[in-house]
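Heads up: the structure comes next, in structure tokens.
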Amino acid sequence: MAPPKAASHRPAVRRKKSGTLVDSILDKYLNVRFFKYLLLEPAALPIVGLFVLLAELVINVVVIQRVPYTEIDWVAYMQECEGFLNGTTNYSLLRGDTGPLVYPAAFVYIYSALYYVTSHGTNVRLAQYIFAGIYLLQLALVLRLYSKSRKVPPYVLVLSAFTSYRIHSIYVLRLFNDPVAVLLLYAALNLFLDRRWTLGSTFFSLAVGVKMNILLFAPALLLFYLANLGLLRTILQLAVCGVIQLLLGAPFLLTHPVEYLRGSFDLGRIFEHKWTVNYRFLSRDVFENRTFHVSLLGLHLLLLLAFAKPIWTFFQSYVRLRRIEDQLQPQITQQNLQLKAQKRPKKVEKDKDKDQKKFTTEQQSFLKAFEKSLQKASGGKATPAPAQAEPERYGIHFDRCTQLALLPFFLCNLVGVACSRSLHYQFYVWYFHSLPYLAWSTPYSLGVRCLILGLIEYCWNTYPSTNFSSAALHFTHIILLAGVAKQLIQTMRINNAAKREQQEQQKKLQ
């Protein structure tokens, strides 16, 4: 990679020599080029994200005020928590109108707090606004990840957020516990990418304590731990997750441990066929057949094994780039300080600075390979550096390497969703916010990517599910997985070619 490019990515706009400040602002921002930048350039997502959050605030308020609330599980949640608050710690005795309590202890504590805040669960409108806050907070965390990765154009996220009726319904009209678990999960992902490991492990374990579907991310997290921390520190983080589960479950484990484990972590629970979104075309007998369940579990494990090597390679590349960032960032900071301190240094000082601050050949080749691989993986073209232009400041957007971390996490979750024994409508939040990222991680055309997202939205909005909607959902999952797999193979080839090129350059230097 050539010396770092200027950090600014906004389109250049000619400025008038004279005029008021207002004229200057209008000339700079109220033009077609700037609007195209906001819609198409991933680097503009932090700006666009603010408008998305403000618009979503209005949308959620309108939905709460105008669309009737639908009671499904809220009353049952309150009944289950009321039993706990009355002193019952036997999970087999904690029940609601829809059946026994089947969620871990963190769910009980969170919804017990909501029980008190909402006047024993009677103030549903207040609960709806609390869940609107959960929605906005989670969306902010999701947008932060997308902003770091710079992979998906802003207009895709805008359309995805504004057009999903089902997602808004799940959050503010149904009050399910799935949004709470997913919120904690995205908080954990943000913390992991900030390298705040113990806090991230804490939030991940809390998410599992709300609902077990978060364990679908666990295979990727285990490899991420190992790649970043090594074996001993990985064991420490796993211990953090385990201790939190023990602390959360202590009131139940110390009194009725078997009932707690059987009730909250029941992997063999049979789902009702009438609520399935993905297997409507199967008969009830096949749907509830144990052999069918074991077959899906086997397929899940086989897919995880098939993706294990590229996932591990992605994580290793991510770790190497973070180490390069740690090496180069002090140099970049020093160069920016020098540029700020003096506009035109003397020639002697220039030569001295070049000798001291010049990136090593290994660093340059590694960064060049990284930039090339990410550009090809995202389908983008290299941005030519302006010839003989003196940058205002140096900068390398190292956070773009989060692409190497996010895709494996989202992919593992998608595999789990695709192989699920049954999907209910509220389960859409498990992977909804990762779908644009996954679609843009395929080599498909823009039209095919949008078609995939549109079909998935159609399937989840079809109520009750039909044979066609269930089959279409499986079809889109398969197409999406196949596209991601193809892109992974291409990226692996690019990575291997970059390694060979780097090795050849090192041999020449020797």
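Cβ coordinates are placed from backbone N, Cα and C, and glycine is handled just like the others.
The annotation compositional bias 'Basic and acidic residues' is assigned in Swiss-Prot to 348-358.
The region 'Disordered' feature in Swiss-Prot is assigned to 337-358.
Annotation source Swiss-Prot lists topological domain 'Cytoplasmic' at 1-43 (among others).
Residues 108, 111-112, 114-115, 120-121, 124-125, 127-128, 169, 173-177, 251-252, 255-256, 259-260, 262-264 of the same chain lie 6+ residues outside the topological domain 'Lumenal' (65-97) yet bring a C-beta within less than 8 angstroms of a C-beta in it. Taken from Swiss-Prot, the feature topological domain 'Lumenal' applies to 65-97 (among others).
What Swiss-Prot lists as topological domain 'Cytoplasmic' is 119-125 (among others), and the listing cites a curator's inference. For the topological domain 'Cytoplasmic' (119-125), the list of distant contacts is 64, 69, 74-75, 77-78, 82, 175: same-chain residues at least six beyond its ends, Cβ to Cβ under 8 Å.
Long-range contacts of the topological domain 'Lumenal' (147-171) within the same chain, counting only residues at least 6 positions beyond its ends with a Cβ under 8 Å from a Cβ of the stretch, are 38-46, 48-49, 52, 55-56, 59-60, 63, 67, 70, 131-132, 134-135, 139, 178-179, 193, 378, 397, 399-400, 402-403, 406, 425-426, 428-429, 432, 435-437, 440-441, 453, 457, 460-461. Taken from Swiss-Prot, the feature topological domain 'Lumenal' covers 147-171 (among others), and the record attributes it to a curator's inference.
As annotated by Swiss-Prot, topological domain 'Cytoplasmic' applies to 193-211 (among others), with the evidence given as a curator's inference. Summarising model confidence by region, the topological domain 'Cytoplasmic' (193-211) averages a pLDDT of 98.
Counted with DSSP, the topological domain 'Cytoplasmic' (255-294) comes out as 20 helix, 0 strand, 20 coil. As annotated by Swiss-Prot, topological domain 'Cytoplasmic' applies to 255-294 (among others).
The topological domain 'Lumenal' annotation in Swiss-Prot covers 316-403 (among others).
Feature annotation from Swiss-Prot assigns topological domain 'Lumenal' to 448-464 (among others); the stated evidence is a curator's inference.
Annotated topological domain 'Cytoplasmic' per Swiss-Prot: 486-510 (among others), in sequence order.
Same-chain residues lying 6 or more positions outside the transmembrane segment (44-64) and placing a CB less than 8 Å from one of its CB atoms are 10, 37-38, 125, 128-129, 132, 135-136, 139-140, 143, 146-147, 150, 154, 157-158, 161-162, 168-169, 171-173. Residues or ranges marked as transmembrane segment in Swiss-Prot: 44-64 (among others).
Residues or ranges marked as transmembrane segment in Swiss-Prot: 98-118 (among others).
Among residues of the same chain six or more beyond the transmembrane segment (126-146), those with a C-beta under 8 A of the stretch's C-beta atoms are 42, 45-46, 49, 52-53, 56-57, 60-61, 64, 69, 74, 114, 117-118, 152, 157, 161, 168, 171-173, 175, 179-180, 182-183, 186-187, 189-190, 193, 402, 406, 433, 436-437. Marked as transmembrane segment by Swiss-Prot: 126-146 (among others).
Swiss-Prot lists 172-192 (among others) with the feature transmembrane segment, giving sequence analysis as the kind of evidence. Panel annotation: around the transmembrane segment (172-192), residues 60, 63-64, 67-70, 72-74, 77, 103, 107, 110-111, 124, 127-128, 131-132, 134-135, 137-138, 141-142, 144-145, 199-204, 206-208, 210-211, 213-214, 217, 221, 224, 405-406, 409, 426-427, 429-430, 433 of the same chain, lying at least six beyond its termini, place a Cβ under 8 Å from a Cβ of the stretch.
Positions annotated as transmembrane segment by Swiss-Prot: 212-232 (among others).
Counted as Cβ pairs under 8 Å, contacts with the transmembrane segment (234-254) are highest for 98-118 among 98-118, 404-424, 427-447. Helix, strand and coil counts from DSSP across the topological domain 'Cytoplasmic' (486-510) read 24 helix, 0 strand, 1 coil. In this chain, the transmembrane segment (404-424) lies close to the transmembrane segment (212-232): three or more C-beta pairs between them fall below 8 angstroms, excluding pairs fewer than 6 positions apart. Per-class residue totals from DSSP over the topological domain 'Lumenal' (448-464), listed helix then strand then coil: 14 helix, 0 strand, 3 coil.
Residues 219-220, 223-224, 227-228, 404-405, 407-408, 411-412, 415-416, 419-421, 481, 485, 488-489, 491-492, 495 of the same chain, all 6+ positions outside the transmembrane segment (295-315), place their C-beta atoms under 8 angstroms from a C-beta of that stretch.
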